[in-house]
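Listed in Swiss-Prot for this protein:
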BINDING   A142, G143, G144, T145, G146, S147, G148  GTP binding site
MOD_RES   S131  phosphoserine
Amino acid sequence: MPREIITLQLGQCGNQIGFEFWKQLCAEHGISPEGIVEEFATEGTDRKDVFFYQADDEHYIPRAVLLDLEPRVIHSILNSPYAKLYNPENIYLSEHGGGAGNNWASGFSQGEKIHEDIFDIIDREADGSDSLEGFVLCHSIAGGTGSGLGSYLLERLNDRYPKKLVQTYSVFPNQDEMSDVVVQPYNSLLTLKRLTQNADCVVVLDNTALNRIATDRLHIQNPSFSQINQLVSTIMSASTTTLRYPGYMNNDLIGLIASLIPTPRLHFLMTGYTPLTTDQSVASVRKTTVLDVMRRLLQPKNVMVSTGRDRQTNHCYIAILNIIQGEVDPTQVHKSLQRIRERKLANFIPWGPASIQVALSRKSPYLPSAHRVSGLMMANHTSISSLFESSCQQYDKLRKREAFLEQFRKEDIFKDNFDELDRSREVVQELIDEYHAATRPDYISWGTQEQ
């Protein structure tokens, strides 16, 4: 019984990474850009219907909802070879098309105005599923639509579908560069509050680290958006392989999430992928064994989140799930796990078992690959809190001077005061404190002392 997943793509960033994700899924399942199954794609071992459904004329349509407050990106998708893939009824563009002006408050209050139209689409998709498992939301936390409308949708999805899982792929801004969005720290913090309170699982895609990986590992001087988005779509498709090529374990979303998230608030995951290649660099083929792949996944340079070095806190893994694709002998996996434990290659929490799990998955039979084995690590690691700390520091700088707040004051939510900003700051601080507490043996009783 397939547990379907509906993908919601929001704003410029969400629609761009979503577009790459669907391109990747079509290639892996042998589906043409028009949604027709290719003649060679006859092996019936994959499960397409988690992410696609079939129209009356047999062609496959993504269970995707494309939302944006300005038309540019969605128009470029509709002018691409993949225009006929999507269900046109599932595309929502706001009528005035002015966007959210990189302003969280504008995105949020536009969400309030248009939520009926949006939920008509989402409810229709949900009703068309046999047993909907949940939603996947793609967005960035820095702009206006992805952050503001994204926050609004996260709150409403919890109200309307309290039993459904909500997983997000959230793109964090590049902190090495000056941002062209001056209110980015406000947008990020307001969105982080919703990601903490309203999502079950957040896969953090950190632009700082993605740019670093593209430069250092793939040797691209100035990585373009599309190259970074290709990295992201690799992670997104790899993290869903066990759903699409089901094995015995981890063949639904809750199985993936349950093994990684033992305590509900600490649900921000980082990812690592190896071996990384872009099209040109396939020449650099190394031997890939399971141990190689698993050891490389633990190296910080392959992890797609840039975490600051925090000497005071002894950061550690809460849980790891490695999704290994390719020709793998299961006994090798067991040996590799033993080696990792014996050599203490990973530092785990002091208050629970060293949870490192491995899910084996088939590779797509239709895509040539230069590597026998590739791996994706999804890890719950306490050092992700340093990403939130730097968001808070940037926010505090602006908030202290009350900089750029007049753009927010125009919207109802901030008309009288800025309590919502301060509340968000508190929620994120509590999240940081809990991640720090999770590095100590007494975390089990954490939260009971304070009440």
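The count begins at 1 with the first shown residue.
Note that Cβ sites are derived from N, Cα and C of the backbone, with glycine treated the same way.
Everything Swiss-Prot records as a feature, shown here on the structure.
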residue : record           : Cβ neighbours (10 Å)
S131    : phosphoserine    : 9
A142    : GTP binding site : 28
G143    : GTP binding site : 31
G144    : GTP binding site : 28
T145    : GTP binding site : 31
G146    : GTP binding site : 31
S147    : GTP binding site : 36
G148    : GTP binding site : 32
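The GTP site is defined by A142, G143, G144, T145, G146, S147, G148, and by the 8 Å test on Cβ atoms against their centroid, the other residues of the chain that qualify are L10, G11, A100, N102, N103, W104, G107, H139, S140, I141, L149, G150, N187, T191. Separation of the C-alpha atoms of G146 (GTP binding site) and S131 (phosphoserine): 27 Å, rounded to the nearest whole number. On the backbone, the CA of S147 (GTP binding site) and the CA of S131 (phosphoserine) stand 29 Å apart.
Mapped onto three states, the DSSP output places S131 (phosphoserine) in coil. Cα of T145 (GTP binding site) to Cα of the residue listed as 'phosphoserine': a distance of 29 Å. Reported as a whole number, the C-alpha separation between G144 (GTP binding site) and S131 (phosphoserine) equals 33 Å. Ranked by CA distance from S131 (phosphoserine), the binding-site residues A142, G143, G148 have G148 at the top as the closest. For the recorded site, G143 (GTP binding site), the DSSP three-state label reads coil.
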